[in-house]
Amino acid sequence: MATACRASRLPFAAATFLLVLLLAGGGAADDASSDDDAGTPRTPGCSNKFQLVKVKNWVNGTEGATVVGLSARFGARLPRDMQEAQKSFAILANPFACCSNLTSKLTNSVALATRGECAFTAKAKTAQAGGAVGLLVINDDEELYKMVCSENDTSINVTIPVVMIPQSAGKKLKDFLDHGASVEVQLYSPNRPIVDLSACFLWIMALGTIVCASLWSELVACEQVDERYNQLTRKDGPNTGTNYREDKEIFEISARGAIVFIIIASVFLLLLFYFMSSWFVWVLVVLFCIGGIESIMVNCFSQGMHVCLVTLLARIFKDCGQKTVQLPFLGEVLTISVGIVPFCVVFAILWAVYRHASFAWIGQDILGICLMITVLQMARLPNIRVASALLSAAFVYDIFWVFISPLLFHESVMIAVARGDNTGESIPMLLRIPRFFDPWGGYDMIGFGDIIFPGLLVAFSYRFDRVSKKGILNGYFLWLTVGYAVGLFLTYLALFLMDGHGQPALLYLVPCTLGLIVILGWVRGDLHDLWNYGKGRTENVVDEP
């Protein structure tokens, strides 16, 4: 007979599962993409590749924050090395729109003009005619707009570099110039490294999370922890004197449930796209923190960092895993569990407070990995029949909301929600790592769904191998782990080849995992067993006196 604990833990697992599904999309580029041919006709003199540009600036000799701009389809190409870039004074164009004959002297200077009133090519020609050696166009928004040629521009003869900068950065430079300050700028566009080592680290983190979660129960957790800690024991009643214990709860996914999750997630994702606000991101941050630690107030479920730490410490220090203490309302709990809860709570709170700091990615990744390991313990696929329904639906979901949604909503819904557009906040359900060796900085990211969905199948393959007594080579766990590693490699390869455009990682991961186990099962004659494994079997919760 299940107790109230069952009712509290399984909906939590389902809710967590839905949250990670929302961000199943692959790593999204956090910078303006470097090239995009859509709606940008190329003509002689207007065939440049878009380049991100570093705009270094000095005000009265003091260096300011470097601004990131975007070069135009036309104009001179910028040097890749800062040492080759020319340092020039910046002067406001007069008129400021730079659409008619200028009254300001721009000789050997970089003109600073605002967007609007005429074509970008007309601004460039006007600045060039006034003697400018470059043109900075201030956008009317923070996004970097791609400056292209109009259909009437059949031949462009612009020989100076033209760069767009964000509205806030341009306003600051204009204010300095309006107050008589001396402003110097230097424009260059460094190359990104061919091999992104940060992506390699992220690849290891994602792969390690899946392997660790698959092996956790057998190689890390021990029977004492499963029986004594998982979950906090409580009295059935004050006068009965009988202790009740629950076995580990399992949220077993069904084929119908998988489809329902996809539908609900699609609706929720669309609502986030239209009604995203900073307060809602805060709600997700709070939910992420609760999922990453353990809510001691709800003593029935163990989650995230807490369960991972208790399990590890009880495994290492076996005596600690035996000592218990009586707490009001909670009854008998492990002493080590009581000691770790405050640490986990403080850790999560500190991350939430300092989540915008440069080091915040460390806390986010730790909480996220702990959460995913726990979810992969609670949620299970019973067979590859259900796995096929879930991963196939997630495959279509990912592709649609990353690649097809821009045709309907003018931008990728998945990537817009993941970035937290217009909120100043980013969604926390991501593993991320800074691009340490990239002159442009930024982060490499992967959604929790890209780890958990294939991870469910990899974990199933491990359980199947153990029950079927298969070895490493003739089993499925090793090959699916390799398949996931290859699929994630292909994701980042596509991200590189597509100039940083966001990629639906499940486009590559599903064929490399689900496709692989189906083909291997068919070749080995195990497909029927894999397809129907666990059918009709349920995992019951038993209360013991």
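Backbone N, Cα and C define each Cβ position, glycine as well.
What TrEMBL lists as signal peptide is 1-29.
The domain 'PA' annotation in TrEMBL covers 95-173.
Among the features that TrEMBL reports, transmembrane segment is placed at 201-221 (among others).
Taken from TrEMBL, the feature transmembrane segment covers 253-274 (among others).
The annotation transmembrane segment is assigned in TrEMBL to 280-313 (among others).
Annotation comment: TrEMBL describes 333-353 (among others) as transmembrane segment.
Here TrEMBL flags 359-379 (among others) as transmembrane segment.
Here the transmembrane segment (386-404) has Cβ contacts under 8 Å with residues 21, 24-26, 253-255, 258-259, 261-262, 265-266, 269, 412-415, 449, 453-454, 456-457, 460, 502-507, 510, 513-514, 517-518 of the same chain, all six or more residues outside its ends. What TrEMBL lists as transmembrane segment is 386-404 (among others).
If you look up TrEMBL, you'll see 445-464 (among others) marked as transmembrane segment.
Residues or ranges marked as transmembrane segment in TrEMBL: 476-498 (among others).
The transmembrane segment annotation in TrEMBL covers 504-523 (among others). Packing against the transmembrane segment (504-523) from elsewhere in the chain are residues 24-27, 384, 387-388, 391-392, 394-395, 397-399, 401-403, 414, 446-447, 449-450, 453-454, 457-458, 461, 476, 479-480, 483-484, 486-488, 490-491, 494, 529-531: each is 6 or more residues past its ends and has a CB under 8 Å from a CB in it.
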Overall pLDDT of the domain 'PA' (95-173), taken as the mean
85
Could you give the residue numbers and ranges of same-chain residues that sit at least 6 residues beyond the transmembrane segment (476-498) on either side and whose C-beta is under 8 angstroms from one of its C-beta atoms?
26-27, 29, 196, 199, 203, 206-207, 210-211, 214, 444, 446, 450, 454-455, 457-458, 461-462, 464-465, 470, 505, 507-513, 516-517, 520-521, 530
